[in-house]
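**Q** Annotations per TrEMBL:
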COMPBIAS  19-33  compositional bias 'Polar residues'
DOMAIN    37-90  domain 'SMP'
DOMAIN    156-213  domain 'SMP'
DOMAIN    221-279  domain 'SMP'
REGION    1-47  region 'Disordered'
REGION    66-90  region 'Disordered'
Amino acid sequence: MAIPFQSRAKSKPLLRPNRMSQNQPRRPGQSQERPTRCGDVLPVAGGHAGEAITPRAADMMPSAENRVLGRTPNDGPASGMESAATRNKQRGVVSNAPGLQDVSVTQTDIPGSPGQRLVTKFVAGQAVGRYVIYRGEGGDDQGGGGCSVAMWTDKVTIGEALEATATTAGDKTVEASDAAAIQAAEATATGVNAVMPGGVAAAAQAAAAANASRDRNDDKTRLGQVVKDAAIRLPVDKVATRRDAERVLAAEMRNNPDLLTYPGGVGASMVAAARLNQQR
């Protein structure tokens with residue numbers, strides 16, 4: 001089964017900024033006054049996708065990058081937003097109003113990968129890209145000035161693999177095997193084996209326990225309700241690997257009375273993510 005990996009907005013490509021609208025010719029009859037919008041250059045959806053990119057909004061991403069990384073990489077969301085804002089200003093289709101203001105950048109150490117950090121950039125609460133940066137010898141980031149962007153990754157993270165389960169098995173009632181698989185995935189992503197209060201695994205365990213005591217199927221919590229925003233709720237995320245998938249599969253099977261995994265479930269999504277990442 002093909003596993004679709006989408007964002008919490010269910011429309012973004014895998015961490016790769018959409019630049020198609022920047023290069024495509026306008027369709028016949030299309031208004032020349034239409035500004036370039038957030039959804040045209042970034043993998044976001046919902047109400048924020050329709051917001052025009054203004055110069056002040058575009059300035060927010062490099063400012064956030066500089067605060068966290070010490071400089072602004074040449075490629076990525078910031079450059080796409082700046083180009084769009086410049087075009088909109090030259091065409092006179094936007095003002096210098098603030099516009100979109102929910103922009104942030106975070107960086108976290110990657111568990112099991114000393115000296116590597118995962119930098120995630122958010123617009124309107126949606127991840128629009130990730131960089132992996134490497135810390136050089138002597139404790140300084142390679143290249144000086146704050147960080148060295150080693151690569152722009154379009155690989156699937158554990159959080160995104162969990163979110164994909166909302167599409168492939170979202171109507172499934174949460175059981176102990178699902179909760180165990182989610183806990184294994186969360187622990188693999190964060191490097192913390194204990195269940196974190198308020199995390200995805202905690203929600204899954206609570207749902208599984210509640211479902212076991214409910215008679216009516218309609219009253220039970222569904223898997224999609226638990227994992228739909230997993231990538232946001234994980235304090236640390238990482239690219240899914242084959243070893244990660246094996247750990248999650250094992251946890252799901254151990255906690256299933258029949259020693260099976262659910263088709264399209266958490267384990268299956270992790271396997272699909274790991275396979276996809278191996279091809280990239």
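The count begins at 1 with the first shown residue.
Placed from the backbone N, Cα and C atoms, the Cβ positions cover glycine too.
Thinking about packing and proximity, how do these listed features fit into the structure?
**A** Across the domain 'SMP' (37-90), the model assigns an average pLDDT of 72.
The helix, strand and coil residue counts that DSSP assigns across the domain 'SMP' (221-279) are 35 helix, 2 strand, 22 coil.
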